[in-house]
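> Could you have a look at this structure, given as structure tokens, before my questions?
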Amino acid sequence: MVLNSTPPASPGAEAQQRPPRYPGEDTAPTSRKEIWGWYAYGIAAEVFAVCGVGSFLPLTLEQLARERGTLLSSHLPCVGSSSPSTAPGNGTTTATLRRDGTDNDQCVVSVLGLQVNTASFAMYTFSLAVLVQALTLISFSALADYENNRKTLLLAFGFIGSMTSMLFIFIAPPVYILGSLLVVIGVTCLGSSFVVLNSFLPVLVANDPSIQTAHKEEGEELSPVNSSGEFARSEDLDEENVRDSDDHFTTGHGLKTKAAGSASPELQLSTRISSKGVGLGYCAAVLVQILSILMLFALSKTSLPKISGTLPMRFVLLLVGIWWFSFTMVSRRWLRDRPGPPLASSKGAASNSRWRIWLRLIGFAWKSLWKTVKVAVKLREVIVFLIAWFLLSDAMATVSGTAILFARTELKMSTTAVGLLSITATLSGMAGAFLWPVVSRRLRLKSNHTIMLCIALFEVIPLYGMLAYIPLFKKWGVIGLQQPWEIFPLGIVHGLVSGGLSSYCRSFFGLLIPPGSEAAFYALYAATDKGSSFIGPAIVGMLIDATGQVRSGFFFIAVLILLPIPLIWMVNAEKGRQDGLAMADILEKSHGEHASEYGGPSEEAEGLLARDI
């Protein structure tokens with residue numbers, strides 16, 4: 001197996017290396033350059049997440065379909081000289097759209113023989129993309145932990161995803177369906193690459209010289225998991241049998257850290273690196289979003305919008321793709337391979353043996369997730385919270401997609417204005433991550449009470465949009481998201497609430513997990529998140545098709561946001577913690593009963609999905 005040839009961080013670094021736990025493991029001390037290689041991918045991909053998925057991809061998809069669509073009643077083109085009216089907007093041309101709901105004519109496009117509203121087309125596309133992403137994450141979670149697959153998959157997802165963004169420059173309205181396919185591939189690559197990227201973090205931390213020094217000072221041995229230097233696979237979970245670790249759980253990299261509750265050096269370093277990575281990613285996204293707005297403004301002064309209303313946005317997606325590709329190249333150069341254990345195969349086996357092993361790993365990933373579900377069902381507080389998280393994560397994803405399309409179609413906002421809205425929400429989200437701990441501390445709120453407060457504020461968004469159905473406000477032409485400026489305060493609310501919900505839900509769930517089973521249960525947490533987020537957009541898309549208005553989706557969203565509140569209130573954190581500890585005792589008793597099937601590390605066998613947190 002060929003290892004990365006990056007030199008050690010210092011001349012004496014080799015002396016600080018911990019013993020390898022399997023043939024071919026790279027235990028070279030983590031260098032500053034390698035950490036920046038890890039940061040570089042976050043800087044690369046977060047731009048696509050915010051500027052692409054969160055802003056311009058929904059707009060581009062809707063506009064591509066619109067330029068190919070016809071009005072439902074007259075069958076006239078939605079866009080063009082023969083359409084009843086047009087409204088320019090910084091490089092795009094928009095057909096007749098309602099702001100007050102009085103015009104029931106809608107722009108539809110034929111998809112698989114069905115007449116679909118152009119806004120619904122975008123919602124359905126993202127719903128499908130999230131579903132494919134969830135299936136991909138679960139299926140490839142185990143495979144990525146072996147040999148050089150970790151870095152190989154990271155680069156593959158990064159390069160393929162960036163190419164999908166760049167290829168939008170060639171997607172003209174006649175082939176708008178191909179744009180939908182590119183979105184599915186791009187979103188899948190984005191989510192999958194972040195999961196693989198997160199899997200590098202424990203490896204970087206475990207090999208950091210400061211961690212090894214700290215363990216030596218504490219007299220802790222940097223030893224393999226077992227005496228043979230092999231890893232134990234995660235245990236099979238059944239009605240009586242649940243995996244657990246000892247009082248110290250293994251990080252999956254040969255280091256033993258204290259159980260949850262103590263601030264280990266690994267946890268402190270991991271948190272510090274992760275926080276900086278998130279911050280750098282968001283800063284890069286805001287920077288590129290500003291550049292995109294300037295580009296749209298400049299291109300609106302040219303003849304490009306006359307050729308196609310989507311061309312300026314497609315140039316923005318080209319910029320986003322180039323950015324993603326370029327910084328992925330930096331990660332390719334600076335990140336070491338850090339290979340996992342070799343795939344077990346029989347001597348002299350045919351080449352197709354490797355494919356059989358890969359298929360077994362994919363099956364194992366699904367089997368492992370299902371067994372974790374069966375264990376979670378026995379923990380009442382865990383299952384109640386996961387149901388609430390299922391609904392809440394779906395609501396968050398649905399609001400984001402609906403808001404962008406509502407701003408574009410119902411409010412007739414220009415592409416530049418939508419970009420500014422995205423920047424507003426992103427900056428507010430960064431502020432919310434810091435603000436909510438202060439609010440919680442000042443008001444002396446429990447974690448679940450803070451989550452409920454966030455949800456209550458989140459409910460303001462759809463309720464405010466529904467005010468436009470009240471005749472008095474409808475007559476005024478203001479209040480209830482009837483004017484473009486009204487959506488910006490709600491964008492601030494959305495950002496602040498999303499920042500709080502993401503951090504508090506994750507930490508609150510951590511209180512309920514049996515100590516030592518963090519990887520398996522966070523895999524279930526991530527699968528619940530990814531697996532639910534395709535439902536809401538699909539339902540909103542159907543409502544848009546039925547009514548011809550994006551605003552009608554607010555009724556469903558309002559109910560969806562409210563449903564988790566009683567469930568969160570029902571969760572007893574202290575009881576959940578005690579149940580988790582009791583389950584941990586069962587885990588400890590069953591630890592080591594089953595032999596390793598693949599020869600992979602215990603945590604890594606849980607799958608990379610556990611690290612998408």
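Note that Cβ sites are derived from N, Cα and C of the backbone, with glycine treated the same way.
Feature list, courtesy of Swiss-Prot:
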COMPBIAS  80-96  compositional bias 'Polar residues'
COMPBIAS  232-250  compositional bias 'Basic and acidic residues'
CARBOHYD  N90  N-linked glycosylation site
CARBOHYD  N226  N-linked glycosylation site
CARBOHYD  N448  N-linked glycosylation site
REGION    1-28  region 'Disordered'
REGION    80-99  region 'Disordered'
REGION    216-257  region 'Disordered'
REGION    592-613  region 'Disordered'
TRANSMEM  41-61  transmembrane segment
TRANSMEM  120-140  transmembrane segment
TRANSMEM  155-177  transmembrane segment
TRANSMEM  189-209  transmembrane segment
TRANSMEM  278-298  transmembrane segment
TRANSMEM  307-327  transmembrane segment
TRANSMEM  382-402  transmembrane segment
TRANSMEM  418-438  transmembrane segment
TRANSMEM  453-473  transmembrane segment
TRANSMEM  488-510  transmembrane segment
TRANSMEM  522-544  transmembrane segment
TRANSMEM  553-573  transmembrane segment
> Can at least 3 Cβ pairs under 8 A be found between the transmembrane segment (307-327) and the transmembrane segment (522-544), with each pair 6 or more apart in sequence?
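Contact between the transmembrane segment (522-544) and the transmembrane segment (307-327): absent, because fewer than 3 Cβ pairs are under 8 Å.
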> Among 41-61, 522-544, 553-573, point out the range having the most Cβ pairs under 8 angstroms from the transmembrane segment (453-473).
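It is 553-573, which has the most Cβ pairs under 8 Å.
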> Where does N448 (N-linked glycosylation site) sit in the DSSP three-state scheme?
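SS state of N448 (N-linked glycosylation site) = helix.
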> Pairs of Cβ atoms less than 8 Å apart decide it: which stretch in 41-61, 155-177, 418-438, 553-573 has the most with the transmembrane segment (382-402)?
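Most Cβ pairs under 8 Å with the transmembrane segment (382-402) come from 553-573.
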> Report the listed stretch (120-140, 155-177, 278-298, 488-510) having the maximum count of Cβ pairs within less than 8 Å of the transmembrane segment (41-61).
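Going through each listed stretch, the top one turns out to be 278-298.
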> State the residues, same chain only, that lie 6 or more residues beyond the ends of the transmembrane segment (522-544) and have a CB under 8 A from a CB inside it; answer 'none' if no residue qualifies.
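For the transmembrane segment (522-544), the far contacts come to 117, 119-121, 123-124, 126-131, 133-134, 137-138, 141, 191, 195, 368-369, 372-373, 376, 386, 389-391, 393-398, 401-402, 506, 509, 513, 550, 552-553, 555-557, 560, 606-607, 609-613.
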> Please work out the number of neighbouring Cβ atoms within 10 Å of the Cβ of N448 (N-linked glycosylation site), leaving out its own Cβ.
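By my count, 21.
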> Using a Cβ-Cβ cut-off of under 8 Å, list the residues of the same chain that are 6+ residues beyond the ends of the transmembrane segment (418-438) and lie near it.
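The answer is 50-51, 54-56, 59, 279, 282, 285-286, 289-290, 292-293, 296, 403-404, 407-408, 450, 454, 487-488, 491-500, 502-504.
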